[in-house]
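Here the structure comes first, spelled out in structure tokens, and everything after it is commentary.
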Amino acid sequence: MPELPEVEVTRLGITPHVLHQTVTDIVIRNGRLRWPIPDDINQIKQQPITKVRRRAKYLLLDTPVGSAIVHLGMSGSLRVLPAGTAPEKHDHVDLALSSGEILRYNDPRRFGAWLWQPVDTKHHVLAKLGPEPLTDVFTADYLQQKAKGKRTAIKQFIMDNHIVVGVGNIYANESLFSAGIHPQKAAGEVTPQALTVLVDEIKAVLAFAIQQGGTTLKDFKNADGKPGYFAQELQVYGKGGLPCPKCGTELAEVKIGQRATVYCSQCQQ
């Protein structure tokens, strides 16, 4: 599933092609995604795209009358292609642009979404999200206040979008390993010093993943159709039973909140 770095890489890739371009048409071949594509999204026709934003794992294409909200789901991708490029299987949505290019959405599993947010409103999917991890709002003090008294495992805690957005399973595993924190430790029992390190590591891991073009394990490709290379940098995710890269201890694998969790029993306390 594309996580924050993959969505940010997509945003960076499409922005030079779509920013300040007018949407001349929208072609919906299959509107049955995670939620049905609303008819209101046709309001984007003949509107200029004034900004391309990311909020959590949602991309927003802003226009003067509203924003198209795009979620890549489990297997979605956006690519910029020349006009007239024949659609392939699972190419569900095209935005035709005044430049002569098209922004094409492909989603084999159809767990993604295209939604519409009228101007000066906030769609319910965005209403209760926590802060962005790569901003100054996400600090150790903030995380400490939220964690106070919480018995939830720290891994589940940092994956909660109401606490902080965009720390998906891959990056939660990697950040906790880098910070030396056991993923099953209660969030309220993590010391302020350890939370400071964790915040720094979350920021560092996400920033490096973006720099590497995201993580391609199966489906993800960027706007140029290329995979991300952060998978080559993974230290623990997907490596249960292998030696810890720091101490050589066999990495343990458990389920936390039904998600695969890999950690080192020696390095993470």
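Any Cβ shown, glycine's included, is placed from N, Cα and C.
What Swiss-Prot records for this protein:
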ACT_SITE  Pro2  active site, schiff-base intermediate with DNA
ACT_SITE  Glu3  active site, proton donor
ACT_SITE  Lys57  active site, proton donor
ACT_SITE  Arg259  active site, proton donor
BINDING   His90, Arg109, Lys150  DNA binding site
ZN_FING   235-269  zinc finger
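The structure, with features from Swiss-Prot marked on it.
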residue : record                    : Cβ contacts under 8 Å, 6 or more apart
Lys57   : active site, proton donor : Pro2, Glu3, Leu4, Val7, His71, Leu72, Val165, Gly166, Gly168
His90   : DNA binding site          : Asn106, Asp107, Pro108, Arg110
Arg109  : DNA binding site          : Gly73, Met74, Ser75
Lys150  : DNA binding site          : Phe157, Ala186, Ala187, Gly188
Arg259  : active site, proton donor : Lys155, Met159, Asn169
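With the fewest other Cβ atoms inside 10 Å of its Cβ, the least crowded of the active-site residues Pro2, Glu3 in this structure is Glu3. In the three-state DSSP scheme, Pro2 (active site, schiff-base intermediate with DNA) is classed as coil. Secondary structure of the zinc finger (235-269) per DSSP, as helix, strand and coil residue counts: 0 helix, 12 strand, 23 coil.
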